[in-house]
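Taking it in order: structure first as structure tokens, then the write-up.
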Ligand code: PAF
């Protein structure tokens, strides 16, 4: 696997792939890779002839009081994992390479409506930062396909709309959540949890499973969500939100069948997110 840090070298290598008629699959990441990311690489291998991964801890998507500085940087380890997973090329630019005019001078991309509420409500500006960096990466790599995890359900919805609205000729592939044996969705932020918090963390998933069962059995939505919030608090979480939306993240109506439960909750300073899709009864 080759690792490139600058845009001209990236363009040259991508040009060689294209000349050979190879289909390019992109896996954007912020590094500190775990099995969830490697599932993205696996999916990319199925959808492309060459896999290009990116590692860039994107300052534009972190709020002023968030964990940008603490975010784990583990490049050597990540390179080994990507190479073993069959990635062909890693692009890992620095901030000055992607944002040469600095963050304040940077043109931004904003995807309306779907970026609002949920994580967009709790983290103002977060999805503008994601949409901006993903648009830049799409422009630089011009992949045929790009893979994103379904754990970040709202992010995936934002990126699907971005691709439609900006007419990027890119197929977006959503990859199912990878969970630890106890159900905890894999996340780079799980590494922040101390042993007690790590033992508590799977109750986020368990609460979502209980709620899904209740809702699929026809229990009323509002009281089920209140019970779910109380469960989370009893377990030691401070919930940011626990919501039921339709599969496109619009409000649930009497005719909604395909729905998704979404939660974000803090355990100490660590913010965890998770979601479960479900089918509401008629
Ligand atoms: O999901 C992530 O790791 C990031 O939000 C992404 C898509 C790589 C953009 O920085």
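In case you wondered, yes, glycine gets a Cβ from its N, Cα and C as well.
Quick caveat, the model's predicted, so the values are computed rather than measured.
Copied over from TrEMBL, here are the features:
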BINDING   30-37, 149-152, 178, 186-189  ATP binding site
ACT_SITE  37  active site, proton donor
BINDING   61, 155  (R)-pantoate binding site
BINDING   61  beta-alanine binding site
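Recorded features from TrEMBL, shown on the structure.
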| residue | record | Cβ within 10 Å |
| --- | --- | --- |
| 30 | ATP binding site | 19 |
| 33 | ATP binding site | 24 |
| 36 | ATP binding site | 20 |
| 37 | active site, proton donor | 27 |
| 61 | (R)-pantoate binding site | 21 |
| 150 | ATP binding site | 17 |
| 155 | (R)-pantoate binding site | 23 |
| 178 | ATP binding site | 18 |
| 188 | ATP binding site | 19 |
*Determine, to the nearest whole angstrom, how far the Cα atom of residue 155 ((R)-pantoate binding site) is from the Cα atom of residue 36 (ATP binding site).*
15
*Would you kindly give the Cα-Cα distance separating residue 61 ((R)-pantoate binding site) and residue 33 (ATP binding site), rounded to the nearest Å?*
18
*Of 30, 33, 150, 188, the binding-site residues listed, which put a C-beta under 6 Å from ligand 1? Please answer none if none do.*
30
*Report, in whole Å, the straight Cα-to-Cα distance of the residue listed as 'active site, proton donor' from residue 30 (ATP binding site).*
10
